[in-house]
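Straight from Swiss-Prot, the features:
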COILED    73-188  coiled coil
COILED    240-280  coiled coil
REGION    1-60  region 'Disordered'
Amino acid sequence: MNTRNRVVNSGLGASPASRPTRDPQDPSGRQGELSPVEDQREGLEAAPKGPSRESVVHAGQRRTSAYTLIAPNINRRNEIQRIAEQELANLEKWKEQNRAKPVHLVPRRLGGSQSETEVRQKQQLQLMQSKYKQKLKREESVRIKKEAEEAELQKMKAIQREKSNKLEEKKRLQENLRREAFREHQQYKTAEFLSKLNTESPDRSACQSAVCGPQSSTWKLPILPRDHSWARSWAYRDSLKAEENRKLQKMKDEQHQKSELLELKRQQQEQERAKIHQTEHRRVNNAFLDRLQGKSQPGGLEQSGGCWNMNSGNSWGI
């Protein structure tokens, strides 16, 4: 294999003494210069006379003017060619082994075991039933959608019912706490009033006990004056609470009535839809039976005078 080596410039590597001197009288300036052919001949003649280190290192090289030609390595070239041929042979062998095999199928009759008449009747029956299948499919999807909506509505009702129960429980706890605080406050005020009354009038109480001693052995609390402002405030609070309870009960009743009305309306719609579906189903069945009866009778169409065909077309909604 021929490869190009780096360019060796003979003029740059030569010493100044070895360079040819130019004669000043030579106008062309070519005196002392050799042609490429003469330079090659001199190089070939000088090689056997004085073998240098470069000639020993670059064995098998040949100088051609400013380039050096290297002879190919025969053994390496043969080895590369042998490996390439072996790889090509292996590739062809692999292709031959992995080639797609022919497909052998058992011949059989197309169309199955049914006759053409049976297949056509089956196709006609499927075509006639496809309309009703689509209708049933739509009704089924509507029913599933309504069931999902009803489940969602029941879920929302349960959530609202739970919220109302929690609100009632919270109000009941608040009312119990309020009553407990009021009872404690009342007991505290009563005890304070009694202690103040006992400290301010000990003589009067002793006198009353001495006067009333022989007559009665039990001592009764004096009748306290009623605080009208406190009574009015508590009456106002009780009235507000009663008003709130009445409004809450009214809202519950309205919500219950609305839910009952919605349930009644839904039931009526379901009944109407069932009636319509039943009527349509009966009409279609009658039309289908009429058509079958007309086909079974040999002179059915001629006897009716074409009126049966018109009625059957109207019955099918055409």
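Backbone N, Cα and C atoms are what each Cβ position is placed from, and that goes for glycine too.
Packing against the coiled coil (240-280) from elsewhere in the chain are residues 139, 150, 157, 164, 175: each is 6 or more residues past its ends and has a CB under 8 Å from a CB in it. Here the coiled coil (240-280) returns a mean pLDDT of 89 for the predicted model.
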